[in-house]
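Participant: Once you've had a glance at the structure underneath, I'll fire off some questions.
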Amino acid sequence: MSFFGLDCVKKKEEETERRIRANDREYNLSFRYATNAIKTSKYNLLTFLPLNLFEQFQRIANAYFLCLLVLQVIPVISSLSWFTTVVPLALVLTVTAVKDAIDDIHRHKSDRKVNNRKAQVLINGELRSEKWMNVQVGDIIRLENNQFVTVSLYLPSLEPRGLKLCVKQALTVTGEMGGSIEALAAFKGEVCCEAPNNRLDRFTGTLVWKEQKYPLDNQSVLLRGCTLRNTEWCFGMVLFAGPDTKLMQNCGKTSFKRTSIDRLMNVLVLFIFGFLVLMCIILAVGHGIWEYYEGSKVTGFVPREESRGPALSAFLMFWSYIIILNTVVPISLYVSMEVIRLGNSYYINWDRLMYYNRSDTPAEARTTTLNEELGQIRYIFSDKTGTLTQNIMTFNKCSINGKSYGTSLLEAVKLETEEVHNFFRLLALCHTVMAEEKNNGQYLVYQAQSPDEGALVTAARNFGFVFRSRTPESLTIVEMGVQRSYELLAILDFNNVRKRMSVIVRSPEGTLSLYCKGADTIIYQRLHESCSKLMEVTTEHLNEFAGEGLRTLVLAYKDLDEDYFSEWLQRHHEASTALEGREDKLNELYEEIEKDLLLIGASAVEDKLQDGVSQTIEQLAKADIKIWVLTGDKQETAENIGYSCNLLREEMTDVFIVAAHSTEDVRRELRNARAKMRPNAGEDAFFIPESILGNDPKVVQDETVNGEFGLVINGHSLAYALESSMELEFLRTACMCKTVMCCRVTPLQKAQVVELVKKYKQAVTLAIGDGANDVSMIKAAHIGVGISGQEGMQAVLSSDFSFAQFRFLQRLLLVHGRWSYLRMCKFLRYFFYKNFTFTFVHFWYAFFCGFSAQTVYDQSFIALYNLVYTSLPVLGMALFDQDVNDGWSLEFPQLYVPGQLSLYFSKTAFMKCALHSCYSSLVLFFIPYATVYDSMRSDGKEGADYQSFALLTQTCLTFTVCLQLSLDLSYWTAVNHLFVWGSLGMYFIVTFTMQSDGLYQLHPPSFFFVGTSRNTLDQFSVWLTVFLTAVLCVLPVLVHRLIFIQFKPTINDKVHRQSSYFNTTRPSPQRRTKIRRSSTRRSGYAFSHTQGYGDLVTSKRFLRRSAAPRSTGFTPKGRSPGFKPTGRSAGYSPSSKANQHVS
């Protein structure tokens, strides 16, 4: 995604590696690295007009009407004045140009703001204030706290109170470099690193200084877009600048999401254009025939070119009718659609019922192009933690040395049981939490990478093991009132593959230990064989914890031999400095040392459901929306949450568990489940043949099954199920189930599941999540929704819509989504109706004017019909119409189903609209024609003239389309009244003005309808004709609605009928604690989904603020205020400070 929404990456010669010398501008400039100047704007004063017009005319609709304008200036083929096309085209181009100009002005301002920021740059041994745009690669700059970083920096020093430099054993802050500007100016280190790329999660390089090589990784740099925190100042060397920074490298064009209506419109516009060509061919052939038989019989006063034969005349007439009938192709359609989408987006932003006051978070439509897609969702893919649950963790229970503790845990701590102390000692040491003291040491604020880790450290503190501070080389904790400092030797950090983390520490007594915590399936594989019995008991406890919906974690440790560890540490250093295969080499070393562990126990953390989750899921299920939960949690935890929030129910016929460990076993379990749901179904009963679908190999069709079923599949089984040979087996089974829960899934698997449904289902998908691990599926789905919660803003920044609570999803879909879809469909139906009706009248008139391309209407009417007379009424309908109010929309979720089936606008609905237009055009042409044919006015003068017929026809047309809109409008507002009746009034004002004597006297050749309105509209027969034609045009619609309401009512008709006596009281769903189980537990809780902070901790770049007087920590006789008498610690939340008080 672009930094400002544009593709701002400049193409240049590809780099393979980058070499940089500190304080050597001449050397670095020889490589012609990009400067730090950023330019995201597209235009300037001189280039705006030509470039913007060039871009706009690349759109097919604009280019088409430009061609029409060229044709209109050719006298031999044009019977229309040029302004009939120029006026609407100029309006469309102007509106778009103004919007583009405003956007580019914002980009210019953003560019200037970034480029003109001041930076302190070390030049020739002194700090100088320079603009960011003048910073060069290799410069050493000084950053201060809370300063925005606009380059990618390698940090060779921190402020003096920081303990050491980023490169271990290289430079010290209190020594040669960090202590003086002179030392920094003399620093001549050379960095060899990777070429510019868009990988935000990794960086590889080495620093060569004084003939020594030091490893650089992702934790050695500050990236553009970051803000320096908790550090008064630091120095950094510029590695990448401007478009070479990783943030700007990620500004490539994102995949543009288009709605199903957009895709249908592309097809329909092509069909309309083809139909236009067909009509023009018919009329051109008709003109050729007429010219052949009747051309020589024209009266003498009509000029005739004898050299022009019937064929040439027909060819020229073809282009004349292209001009006349061009209104069948909608020029303003796409602009109108964007205005409507923008307006409906504001409704989402302004909805106070989707505002979460606890976090001051409103709902936000981050895109304005997908609103109506919200009304067609068939599948929802949801994360669990932080999306369905609150992601505010509370330490609830634990298992230590084979004994389960709940409320008795406090007494065990007081008895100073060694196993219990070792359990909490691990929790206080094995983490990457940062501690910051507040209020002179009275409060500790823990900054954790995940709420789980914060809850565990908080629990250790509440039970007497208080984590106080850390440096890159030590950890300080207070154990039962006694302060102890552990030497931190290594952090083996967490990632989604390892699903565990370890620390290696040396105690004050000199004992060398490795502490490890992680998912049970991962830790159990690495336990010493002597722990087998303890593992069985702990497994039973884990099952009990999971049955209560708790998130579990297994803890283990081992003591290390000094000689072995020294040799291992040397190999670790070599692997960390490798430029190629660094991650693989490190993982091998981690696997080597993390084995033969001794089991300590397991922790259980509670994560409660968010408010309204059960009711929301129940409402969405009634709307025939299928919800799939994709979570990294263990199977039993996910199942329990499924029952708690009504995804799984005891009333279900069966819940299938797929937990096989091979492709064939997974296939067999899926087929067995499918056989139970559809015992008589054939093997290929659910697919459409490839010959029908073209490039789509197969499409899984919805099947009706007897009963309701659920499917739970774990991560290792899902890996087999997503293989190319198995994906259809999995999808066939899953689509037959009411609920699908995928456990232990990785972020990649989440995206793969979404893509699988998109590939084989003709359905609109929505993905919702709150963390970085959900970004992939949010981007993969048709609609991405981000929850702004405890896990940062990554999901929100990648989403199309965002809000703070899962319960707001039902209002987003059932109210805003359904309204947006309904309004857009009504707009399109009416838009095509009014344009087709307007154009078809020209077609019928051709048969009565010798196919001469004579227009039916006054040219001013042609120019203003779409811009003035019919634009505002349809715009008002598309912005304000409601078939039912928001309360009924939520009370009757079944109203959502027609949108899923595309009943309001489809190819069938379009054809009905075209047929209705054809019928209306026949009425609008022949009844006025019959009225004026051989007629006499009330004053005895002849009324059968062209001007009277044209005025009568266009008046009937205007009244008819307004009447049709009035019938389609369900919700009248003052704005709708103003637009509808105001447009009719404007028609008469403009008509009388354009046909007045005054304008005629100014320029007679342009106003040959002078006096027509005054002489025609005073006849009773004219108004009777207007009334008759309008009624006849809408009569089929009225009859059709009356019949269907009586004999085949829609869901909307039923809602209107039943709403008066429907009982709105609903019983609240019961929370279920029993779980239907079909398999034994074989997996544990993955305590995090994102990369840990281990590298950051050991990189020596963080800093606590100045030391404050410290409290003595936990005393055996006291309790910290965060402790609950029930034995549970206070819930951890990054924003919660009161529950982190240090006694």
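All residue numbers here begin at 1 and follow the chain in the order shown.
The backbone N, Cα and C atoms fix where each Cβ goes, glycine too.
Caution: TrEMBL annotation is automatic and unverified by curators.
In case it's useful when we look at the structure, here is the feature table from TrEMBL:
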{"type": "DOMAIN", "residues": "20-86", "note": "domain 'P-type ATPase N-terminal'"}
{"type": "TRANSMEM", "residues": "83-102", "note": "transmembrane segment"}
{"type": "TRANSMEM", "residues": "267-290", "note": "transmembrane segment"}
{"type": "TRANSMEM", "residues": "310-335", "note": "transmembrane segment"}
{"type": "BINDING", "residues": "Asp383, Lys384, Thr385, Glu453, Phe494, Lys517, Arg551, Thr631, Gly632, Asp633, Arg744, Lys750, Asn773, Asp774", "note": "ATP binding site"}
{"type": "BINDING", "residues": "Asp383, Thr385, Asp770, Asp774", "note": "Mg(2+) binding site"}
{"type": "DOMAIN", "residues": "796-1050", "note": "domain 'P-type ATPase C-terminal'"}
{"type": "TRANSMEM", "residues": "827-848", "note": "transmembrane segment"}
{"type": "TRANSMEM", "residues": "860-880", "note": "transmembrane segment"}
{"type": "TRANSMEM", "residues": "909-929", "note": "transmembrane segment"}
{"type": "TRANSMEM", "residues": "949-967", "note": "transmembrane segment"}
{"type": "TRANSMEM", "residues": "979-1000", "note": "transmembrane segment"}
{"type": "TRANSMEM", "residues": "1020-1039", "note": "transmembrane segment"}
{"type": "REGION", "residues": "1058-1087", "note": "region 'Disordered'"}
{"type": "COMPBIAS", "residues": "1058-1068", "note": "compositional bias 'Polar residues'"}
{"type": "COMPBIAS", "residues": "1069-1080", "note": "compositional bias 'Basic residues'"}
{"type": "REGION", "residues": "1107-1143", "note": "region 'Disordered'"}
{"type": "COMPBIAS", "residues": "1132-1143", "note": "compositional bias 'Polar residues'"}
Participant: Arg551 (ATP binding site) to Asp770 (Mg(2+) binding site): how many Å between their Cα atoms?
Facilitator: 18
Participant: By Cβ distance under 8 Å, which residues at least 6 away from the ends of the transmembrane segment (949-967) in the same chain are close to it?
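Facilitator: Distant Cβ neighbours of the transmembrane segment (949-967) are 830, 833-834, 837-838, 841, 855-858, 861, 865, 869-870, 873-874, 877, 920, 924-925, 927-929, 931-932, 980, 983-984, 987, 991, 1009, 1012-1013, 1016-1017, 1022, 1025-1026, 1029-1030, 1033-1034, 1037-1038.
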Participant: Counting across all protein chains present, how many other Cβ atoms fall within 10 Å of the Cβ of Thr385 (ATP binding site)?
Facilitator: 32
Participant: Using a Cβ-Cβ cut-off of under 8 Å, list the residues of the same chain that are 6+ residues beyond the ends of the transmembrane segment (267-290) and lie near it.
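Facilitator: Result: 60-61, 64, 310-311, 313-315, 317-318, 321-322, 325-326, 328-330, 843, 846-847, 850-852, 907, 910.
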Participant: Using only C-alpha positions, which one of Thr385, Phe494, Arg744 is spatially nearest Asp770 (Mg(2+) binding site)? These are the binding-site residues in the record.
Facilitator: Thr385
Participant: Compute the C-alpha separation of Arg744 (ATP binding site) from Asp774 (Mg(2+) binding site), stating it in Å without decimals.
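Facilitator: Pair distance, Cα basis, whole Å: 13 Å.
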Participant: For Arg551 (ATP binding site), name the DSSP secondary structure in the helix/strand/coil scheme.
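Facilitator: Its secondary structure by DSSP: strand.
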Participant: How many Å lie between the Cα of Phe494 (ATP binding site) and the Cα of Asp774 (Mg(2+) binding site)?
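Facilitator: Cα of Phe494 (ATP binding site) to Cα of Asp774 (Mg(2+) binding site) measures 18 Å after rounding.
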Participant: Over all shown protein chains, what is the count of other CB atoms within 10 A of the CB belonging to Asp770 (Mg(2+) binding site)?
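Facilitator: Excluding its own Cβ, the number within 10 Å is 31.
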Participant: Can you count the other CB atoms that lie within 10 A of the CB of Arg551 (ATP binding site)?
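Facilitator: Other Cβ atoms within 10 Å of Arg551 (ATP binding site): 27.
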Participant: Among Asp383, Lys384, Thr385, Glu453, Phe494, Lys517, Arg551, Thr631, Gly632, Asp633, Arg744, Lys750, Asn773, Asp774, listed as contacts of ATP, what is the widest Cα spread in Å, to the nearest whole number?
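Facilitator: Value for the max Cα separation, rounded to a whole number: 25 Å.
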Participant: Look up Asn773 (ATP binding site) in the DSSP assignment and report helix, strand or coil.
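Facilitator: Looking at the DSSP assignment, Asn773 (ATP binding site) belongs to a helix.
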